[in-house]
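Here is the structure we will look at, set down as structure tokens.
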């Protein structure tokens, strides 16, 4: 009975995941699709290399492996607040060094790749650890997802670095006898997680716990309160929260306040991130439309500044405690004041 190499299974799963992302219709996932496509190409070259062992395939695999970490950083760094020059250097410089090592000193390629993957992986994990507000160029509705995807990508790169180190160690001391097994085991570990990414349905959102905010000096607390009050006044006056493409950077430009100061003020005075705070205004607007109009839920979602139904339903349930349909039914049966969150209250 013919056997199918594990990389072939991995490639098939990655292609299914890529198809799911591409067919989702959500433009926010284009960057993720680029990264998954790069992973699929690398796995394909890896499978061909171990099957055919051609010099050209080894070189192509090395080139693809060098390109993948900068590609991951490119996909997410463009959503975070950073200077263009620094971001471009982070994309080009480490990969260029690794490529030079590969061409001039091939024996050190494995070490260079491990350092490359580990460096970019740690950088992505650090960025993701800062939370949704770190992705100030992302739409506020998409920022939490961007943070999670950056974390997953960073963890994947770190795991790949450890795998490369193990394979290099095997070649150094055991002539690579266990290398195919190490590749198979590493990809077998990743397969269940990729399958979950394809099959995992949207879960009912849990009530978000208040953010832990360190105590600030009285002067800073007053300043943060004033910033939030001014920002809220502008949001209500101009209905900025109804803009589905609203970003933290856009708020910073309109107020003349650095994005990090806005983020700190909202975290300290409202106990949530900027995305959650803006969504509280959007949900309050949606509640009003659900009570006073007969518009379909999808129309209410779009008029309230949301792009996707999943995000709208998740935030509505988090803030109100029920689905939009349930809220409309309850409001029709027993007219009551809006159950809107106090996140927006100064």
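Think of each number as a place in line: the chain as shown, counted from 1.
Glycine is no exception: its Cβ is also placed from the backbone N, Cα and C atoms.
Automatic prediction, not curation, is the source of TrEMBL annotations.
In TrEMBL this protein carries:
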- 6-23: transmembrane segment (TRANSMEM)
- 32-50: transmembrane segment (TRANSMEM)
- 56-76: transmembrane segment (TRANSMEM)
- 88-105: transmembrane segment (TRANSMEM)
- 111-128: transmembrane segment (TRANSMEM)
- 149-169: transmembrane segment (TRANSMEM)
- 181-200: transmembrane segment (TRANSMEM)
- 232-330: domain 'HTH araC/xylS-type' (DOMAIN)
Considering the transmembrane segment (111-128), which listed stretch of 6-23, 32-50, 56-76, 88-105, 149-169 counts the most C-beta pairs under 8 Å: 149-169
Residues in the domain 'HTH araC/xylS-type' (232-330) grouped by DSSP into helix, strand and remaining coil: 75 helix, 1 strand, 23 coil
